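Feature list (source: TrEMBL):
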DNA_BIND  29-72  DNA-binding region
COMPBIAS  301-315  compositional bias 'Polar residues'
DOMAIN    27-71  domain 'Homeobox'
DOMAIN    74-275  domain 'TLC'
REGION    283-327  region 'Disordered'
TRANSMEM  83-103  transmembrane segment
TRANSMEM  123-142  transmembrane segment
TRANSMEM  207-226  transmembrane segment
TRANSMEM  246-267  transmembrane segment
Amino acid sequence: RFIAKPCAINLGIQDSGPHRAQPNAILEKVFTSITKSPDGKRLEGLSKQLDWDVRKIQRWFRHRRNQDKPTTLTKFCESMWRFTFYLSIFFYGIRFLWTAPWFWDTRQCWYNYPFQPLTSRLYYYYILELAFYWSLMFSQFTDIKRKDFLIMFVHHLATIGLITFSYMNNMVRVGTLVLCLHDASDFLLEAAKLANYAKYQRLCDAFFMLFGVVFIVTRLGIYPFWILNTTLFESWELIGPYPSWWLFNGLLVTLQVLHVIWSYLIIRTASKALVRGKVSKDDRSDVESSSEEEDVTSNSTKGIFSTSSNGSNRLNGHVAGGQWTGE
């Protein structure tokens, strides 16, 4: 309200939503009481009842669905908050871990386990991360529902489970490595969204490409060969198969499966932009074009992210008409 909104206004982002559907009591009743996406048979019936063309009715329902979506200004403010948190917590984690012995030697995570001291810096790092992911868990039910809702739901469950479980079992050393690794790319994605909302296309593309590189390196490279290696093999070697070993590693492997899925989506998005010079409509987009003509316009937009004709689109929250593949 006091920081993000003034910044958005200074960047020329208007607090205007999608085109509103013209008032119609009959269609509004169908929309609110029966269905938001009528099938062909219902469309034919409404066409005869209203003496409207079927395509006009379809356009009305598109506009009506879109008008409930948040404005670009609202999404800019949300992304700016997330960018601020991710960037702050990442640098806090790096500064804290830089002097930690287990950051350079992962075997230190298991020496003298479980009798390892919990410092105040470690405690606050964990509590901040846990509080944030709990907030995401609740907000995903009120945010725009995307096609990857189930994946994000599983991700938040796994993350909260890992943070809580590792804290209860004093596995905080390896837990801090997992948290810091995941925060390394998240703030870049939010930065790309901010640039997209502000219509700085080249900056947006640059941030997204950087995000893709960091995401793939950390989630498909460092995570399995550094994190999973120490939790699966080094821990087994140093302290043996403790009772919670299977659950802990099961959650970590679940995260790795999600990393593979998201990496595929990111690579597909980037390859479309590089090969064709443009991308088609985002599979996860929460805003529909209001006509076929608008779809054509949207699909012909250059760059990694294409802005929809009504100018709005999460994350979980997330971005307007762009090729967002996951957080």
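Placed from the backbone N, Cα and C atoms, the Cβ positions cover glycine too.
Long-range contacts of the transmembrane segment (207-226) within the same chain, counting only residues at least 6 positions beyond its ends with a Cβ under 8 Å from a Cβ of the stretch, are 106, 177-178, 181-182, 184-185, 188-189, 191-192, 195, 255-256, 259-260, 262-263, 266-267, 269-270, 304-305, 323. Remark: secondary structure over the domain 'Homeobox' (27-71) totals 31 helix, 0 strand, 14 coil, with classes taken from DSSP. Non-local neighbours of the transmembrane segment (83-103) in the same chain are 109, 121-122, 125, 128-129, 132, 173-174, 176-177, 179-180, 183-184, 186-187, 190-191, 193-194; each lies 6+ residues outside the stretch with a CB under 8 Å from one of its CB atoms. If you take every residue in the domain 'Homeobox' (27-71) and average the pLDDT, you get 81.
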